[in-house]
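See below for the structure under consideration.
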């Protein structure tokens with residue numbers, strides 16, 4: 001059953017909630033790059049594939065039964081309204097998605113982040129504890145690259161999607177006493193691998209995520225999340241959906257290609273995959289098979305510096321100093337060819353329209369209304385680092401993605417948006 005979420009209007013924010021004057025979109029570029037550097041720092045180096053080991057510790061060698069496309073990996077079952085899964089509508093804030101979350105009976109708008117795993121509130125709206133929650137008196141500290149928060153751990157009822165949504169009776173969550181980089185939003189809904197919570201809460205080795213608890217409570221049959229994002233056409237539109245415990249078959253136009261979490265560190269600490277990127281009909285190599293991550297908390301499509309230089313040469317784009325993004329002319333756009341992402345045994349076409357910032361939203365960039373800006377940006381380091389790309393929010397708006405902890409895999413499928421000429 002789909003639960004419709006009403007999220008209060010927020011100012012235009014970066015992927016970590018920083019209030020952004022419209023003339024300074026470069027803050028988002030800087031944020032994405034800082035976030036990438038944080039990922040590459042390898043904050044959780046626990047062996048070649050800590051994601052797999054963390055899953056084994058919690059679940060044993062548990063596999064689900066349903067197969068959907070791609071390789072020989074297993075797939076989560078379920079669908080829109082299917083048994084053991086539940087879907088929640090989420091709101092597009094132009095550079096990331098927000099979910100309405102009720103914590104201890106109080107409503108918050110939280111940024112959906114697959115690149116971190118702590119859930120917390122109190123950055124903007126102050127948390128007012130009541131008898132339904134209890135403080136553990138343990139401290140919580142999390143750094144996000146260009147933002148951070150510190151505070152106290154509480155345990156109590158958390159309801160995803162608002163007061164009548166998907167309920168978790170005893171969820172650990174942080175309450176911020178100090179937060180930097182989050183003006184204009186309330187906090188984070190962390191849905192990354194649980195390993196990322198290690199060292200964030202005093203007195204705990206790791207803290208179960210919301211998805212962990214939904215699975216352990218039996219609310220969902222598979223510990224997975226299916227994400228449907230639509231191309232941005234305006235601010236604060238409820239045009240996305242998270243399905244906990246399954247895949248919403250009504251959102252996809254292909255089988256789901258599932259690939260195992262990459263074994264390459266540091267991408268293996270996150271929702272990391274291996275992929276190849278080529279450009280155009282000639283198949284110019286942008287990135288040879290290499291590791292990176294899929295991340296809702298990054299706005300742009302980031303690729304390693306050497307790959308970015310090849311892409312810029314192929315597209316004949318110039319760097320726009322106002323926005324920090326690549327810019328192309330109308331004639332260059334008419335010649336812009338598709339990028340092709342080889343993931344598992346499937347090639348996913350990322351069209352010319354998919355590669356550009358929505359022109360109807362150019363004013364939000366502080367750019368010119370009649371200009372064309374590309375969402376492909378420089379990661380800030382050369383390939384070979386173990387994290388050579390981040391498929392961010394702009395990329396995810398063209399595909400359906402599945403983040404499957406039970407089977408340690410990521411799934412990608414096409415949608416009606418994949419070929420849409422929305423931009």
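All residue numbers here begin at 1 and follow the chain in the order shown.
A Cβ is built for glycine as well, from the same backbone N, Cα and C atoms used for every other residue.
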Inset, instruction - Among 41-88, 89-136, indicate the range for which TrEMBL gives the feature region 'Disordered'. - result: 41-88
Inset, instruction - Might you list, by sequence position, any residue in that chain lying six or more from residue 113 (active site) with a Cβ less than 8 Å away from its Cβ? - result: 188, 189, 190, 191, 192, 295, 296, 297
Inset, instruction - Would you mind giving the whole-number mean pLDDT across the domain 'Peptidase A1' (97-413)? - result: 95
Legend entry - Cβ neighbour count within 10 Å of residue 295 (active site): 27
